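First comes the structure, then the notes that go with it.
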Amino acid sequence: MNLHLFLLWLVVSFFLHLLPIMSSSQHDYSDALSKSILFFEGQRSGYLPNDQRMTWRRNSGLSDGWTHNTDLTGGYYDAGDNVKFNFPMAFTTTMLAWSVIEFGELMPPSELRNSLVALRWSSNYLLKSVSQLPNRIFVQVGDPIADHNCWERPEDMDTPRTAYAVNAPNPASEVAGETTAAFSAASIAFRSSDPGYSQTLLQNAVKTFQFADTYRGAYSSNDDIKNDVCPFYCDFNGFQDELLWGAAWLRKATGDDSYLNYIESNREPFGANDNVDEFGWDNKVGGLNVLVSKEVIEGKMYNLEAYKASAESFMCSLVPESPGPHVEYTPAGLLYKPGGSQLQHATTISFILLVYAQYLSRSSLSLNCGTLTVPPDYLRRLAKKQVDYILGENPMGLSYMVGYGERYPKRIHHRGSSLPSIADHPGAIGCKDGSLYFNSTEPNPNVLIGAVVGGPGEDDTYDDNRSDFRKSEPTTYINAPFVGVLAYFAANPSFS
């Protein structure tokens with residue numbers, strides 16, 4: 001072989017070697033979007049509709065609320081268990097609604113419809129949870145201790161379906177504050193397609209906020225329920241951020257200046273200048289600052305400048321080249337926070353990166369990080385890196401969305417997915433009988449399409465292990481913000 005042919009062979013071999021890597025960045029964001037929304041059908045509780053697409057699921061939780069002579073059917077199981085925790089479910093609802101508000105116009109009509117169906121499934125349930133206000137709010141259905149000691153399909157549940165209520169003057173500010181945000185955001189999302197329902201949601205948002213603000217405190221301080229809500233979904237960050245979050249969404253939904261005054265006057269007393277680099281079901285400060293920044297950037301409400309300053313501080317902490325403190329990333333570039341379910345941070349923070357970029361773009365502004373000027377597209381690229389990591393561009397070569405791509409987790413920590421469906425096994429599978437399936441090394445028989453699992457550890461490694469719930473369990477609050485993120489990139493597939 002002469003030298004020219006040899007060099008040509010080297011060049012061709014090099015590019016052939018690169019083909020899998022080069023093609024891996026070409027994700028089908030539209031497909032991922034469709035699946036991210038479909039996931040919620042697998043989490044449904046209650047009577048399932050005739051158009052249910054996740055057909056291995058059946059009706060469940062049909063007696064929820066009977067101990068209080070109240071209908072509490074419906075809503076979502078928040079993760080791989082069979083409990084309805086209203087706190088993360090309300091956050092899920094808020095984020096589904098915010099996804100529609102910011103990015104619904106970018107969705108294909110069919111997926112916008114599916115997003116609104118998913119949103120209504122949880123908002124309808126939350127309306128039931130506040131039906132006895134002004135003096136009572138329901139915060140949870142299902143005994144979590146008993147539930148977590150069983151491995152059974154939701155259709156077979158024989159554990160106590162205890163309905164946990166908080167009665168005035170006992171407080172539940174974090175749950176009621178987040179539910180306020182959920183109703184307010186959903187009222188905006190439904191405003192054009194169902195104005196009557198939108199108004200109902202808004203009226204209940206006002207009523208729910210009155211309960212949250214009048215009886216200030218955490219629901220986990222209630223001796224009657226704290227052992228059954230902790231350590232699952234206590235608000236370890238305090239309840240004040242949910243009060244500000246609820247008021248900010250009411251302001252957005254109503255335009256009422258009283259809520260503007262509330263978020264302005266209570267920012268420092270409620271400590272909203274602390275922990276500004278967090279956003280999730282437990283800590284709303286990062287999202288709160290971004291949401292309120294719109295009032296400053298587009299509405300010229302400079303009395304709220306402190307919120308914008310905190311939002312920019314958070315955005316700058318995500319930019320590796322910026323001066324000052326930074327958030328942590330794994331060696332391969334995934335946002336990392338201590339604890340389990342790493343991908344909840346990737347999806348929520350990617351969402352507010354895109355939202356803040358939208359606010360800046362509409363006003364022809366950039367982010368200022370000391371001497372560094374960061375254009376909006378840089379924030380979008382940061383978000384895209386997280387999305388692409390989740391969809392397969394990671395050291396494991398694994399899509400962390402079930403059913404997307406060729407390789408994805410097959411042994412997720414999820415009862416309904418891991419146990420045979422009623423179609424395949426009509427007989428009930430008892431509480432401890434499910435252990436056989438839990439301990440199996442076989443893939444789950446039912447594919448929970450669209451579920452985003454907790455994800456890898458800080459070293460970017462992932463074992464497809466059903467028992468490692470911190471990594472292998474999907475949750476609704478991981479998926480909800482991802483709907484909006486995927487809608488943006490599906491509509492802008494060439495963005496880089």
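Quick reminder: no glycine exception, Cβ is built from N, Cα and C everywhere.
What TrEMBL says about this one:
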type	residues	note
ACT_SITE	His413	active site
ACT_SITE	Asp464	active site
ACT_SITE	Glu473	active site
DOMAIN	29-486	domain 'Glycoside hydrolase family 9'
SIGNAL	1-25	signal peptide
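Residue with the densest Cβ environment among the active-site residues Asp464, Glu473: Glu473, by other Cβ atoms within 10 Å.
Averaged across the domain 'Glycoside hydrolase family 9' (29-486), pLDDT for the predicted model comes to 95. Here the CA atom of Asp464 (active site) lies 11 Å from the CA atom of Glu473 (active site).
Taking the Cα atom of each, His413 (active site) and Asp464 (active site) are about 10 angstrom apart.
Of all Cβ atoms in the shown protein chains, 24 besides its own fall within 10 Å of the Cβ of His413 (active site).
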